[in-house]
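K.L.:
Sharing a structure with you now.
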Amino acid sequence: MEKLPLIKKGYSRKEQHAQKMVAQPRWQRITLLIVLGYEGAGCLLGGAFLLAAPDGRYMDMPAGMMHGAFRDFLIPGIILFGLGILNTFAFFTVLRRTASDWFMAGLALGGLFIWFVVEIIILQELHWLHAMWGLPVLLGLVVTIPLIVLRHDTAIMRKALLTCGILSSLWYVAINIFVPMMYDEYSMASLTVSELSAIGASTRIVWVLLAMLYLLLLIAFGWGVLKSSGRSRQLRIAGNLIIAYCIMNFYWPPMHQREVIAAGGGTLTDTLHIIWAMMTLLFNIFLMGFGAAALGKRFRIYTIATWLVFIVFGILTFMESPGIEANLPTPHIGLWERINMGAFLLWIIVFAFVLLKIERLSIIGTVHLENSSTNA
């Protein structure tokens, strides 16, 4: 059996305590403060306008846009103003580096995340304002995760973060089964995944909302890879690439439905969609390469085999792709694409399992180190 590389040495209790005293990196703290301040001010101002005029006239929003969920904007205004207070309070806890900064930041941004999800469901549409106010919330959550880890830097926390990699892949598979069931004309064999979130598709909103959880789980996994990297430069790069990949995919330019593209209705967003797909593939290849370089020979061979799957089924996908632009039958494009996606999702699961095993071996090494020190 191949011996797994020990990515990091066992740490004594004194060294572990010293690690917990390390301050949050400045760029993370500044980013979190900017997001909390920005969202707090926006919520307070927006909530005040809605409370002052529950009919929405100050913000030029008719109550009918809520499709009967609320009679007017009074209750949404109260909730929004309350979120503003919560984010403002979280801002000062992070600024003062209090012991509860991680909790308040997570609570405030988590509350806003739920707010936007519910709002999009009620409005039944995605608006550019959701990007303006929602994307900073996601960015804030990205830098809140390492703050939580910093305050609770334990083996259990690292295992939880690494387990998020497994959960992310399982979640993506689940939504790839569930969402197509809501699209009567959809065929998983002949239509691409992107067509579930195409402009005008009935499943666009539900796909975008459910896919956000996949990205957040994968980001948590990325931080777990960083925390487990020890002195491995390759693993640190892999972890950073996972996080960067997720941040880039918080906004994926949507394509139009193939009938619209064939009729000449394609726009810049369709071009950007293709560019995003190419960038995503590059991120996948590089993060897999650096992850494999840090681990054993068997895992490197497995990674190369996965790349070969990418090449074979990528070519098959490319051969059928002109049919999308021409609105012609593409009988297997969805199948080829999903095989490639499945190969990457499986790689993430295997990668997470390997790192979890290494983490367990590192814990055993720590116990042996402490016992040796005690006996000495």
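Quick reminder: no glycine exception, Cβ is built from N, Cα and C everywhere.
Features from TrEMBL:
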TRANSMEM  30-53  transmembrane segment
TRANSMEM  73-95  transmembrane segment
TRANSMEM  102-122  transmembrane segment
TRANSMEM  128-149  transmembrane segment
TRANSMEM  161-183  transmembrane segment
TRANSMEM  205-225  transmembrane segment
TRANSMEM  237-254  transmembrane segment
TRANSMEM  274-294  transmembrane segment
TRANSMEM  301-319  transmembrane segment
TRANSMEM  339-356  transmembrane segment
K.L.:
The transmembrane segment (30-53) and the transmembrane segment (161-183): do they have three or more Cβ pairs under 8 Å, with pairs 6 or more apart in sequence?
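P.N.:
Output no: the transmembrane segment (161-183) is apart from the transmembrane segment (30-53).
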K.L.:
Using a cut-off of under 8 Å between C-beta atoms, tell me which stretch among 102-122, 237-254, 274-294 contacts the transmembrane segment (73-95) the most.
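P.N.:
Between the stretches 102-122, 237-254, 274-294, 102-122 has the largest tally.
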K.L.:
Contact between the transmembrane segment (128-149) and the transmembrane segment (237-254) is defined here as three or more C-beta pairs under 8 Å separated by at least 6 residues; is that satisfied?
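P.N.:
Yes, the transmembrane segment (237-254) contacts the transmembrane segment (128-149).
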K.L.:
Determine which recorded stretch among 102-122, 128-149, 274-294, 301-319 has the most C-beta pairs below 8 angstroms with the transmembrane segment (205-225).
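P.N.:
The stretch I would name here is 128-149.
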